[in-house]
Amino acid sequence: MADAAGAAGTAAAAEEPDGGVVGASGMGPAWQRPGARAAPAARVRVVSPANHLPGGDEEAVEVLLVMTDDGLPEPTYAHPGDAGADLVTAVDVVLPPLGRATVPTGVRIALPDGYAAFVHPRSGLAARHGLTVVNAPGTVDAGYRGEIQVTLLNTDAERPVELRRGDRIAQLVVQRVERARFVRAERLPGSHRGEGGFGSSGGWRGEDAAPPAVDA
């Protein structure tokens, strides 16, 4: 799995009810520290997204879900038609101005083959507090079995962001994905765009405007 959801094993935050506080030091909660005893195995349930979609959806793909902490809510869709299910922080966390921290969510999943999940920022947190996901979107591969963790970044240069255990921090979008078979070729077929890269589709109005004349 990619950086977005680094593995924290199967340790359960239930062993530390308040989860500790994650700060700029990066020490993390007690169960992540060297020498911490392992938590008991979490229970496993088969959860259909139909149970978490307003109105239900019998055609929704089923995803195996393990909650490492039963005190936390399961990923849930807030509104009909929502693409992302809410993820919450399992611990209290304070992000200083321009600081970042990787926080656990208490969620482990097993996706069906041919699917991946992507961790996206929450638009409200981004707009109101400048809080985003560093490597958005983070990728959860179908073969990953560890806890989903989210690396958050406070982009505000002046104010800290304080989150409490159970606060929503990101959205998990489950999508069907295709695997590619890469075929070596001597050259590529032509296209309208060609090799046009950054800025090839045009810039913003101020950038495209002619520069002011300079007196000799």
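Cβ atoms are placed via backbone N, Cα and C, with glycine included.
Quick look at what TrEMBL annotates:
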BINDING   Arg122, Ser123, Gly124, Asn135, Thr139, Val140, Asp141  substrate binding site
COMPBIAS  1-14  compositional bias 'Low complexity'
DOMAIN    75-202  domain 'dUTPase-like'
REGION    1-34  region 'Disordered'
REGION    188-216  region 'Disordered'
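Projection of TrEMBL feature records onto the structure.
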residue	record	CB count, 10 Å
Arg122	substrate binding site	20
Ser123	substrate binding site	11
Gly124	substrate binding site	10
Asn135	substrate binding site	15
Thr139	substrate binding site	16
Val140	substrate binding site	25
Asp141	substrate binding site	14
Helix, strand or coil: which one is Asn135 (substrate binding site) in, per DSSP? coil
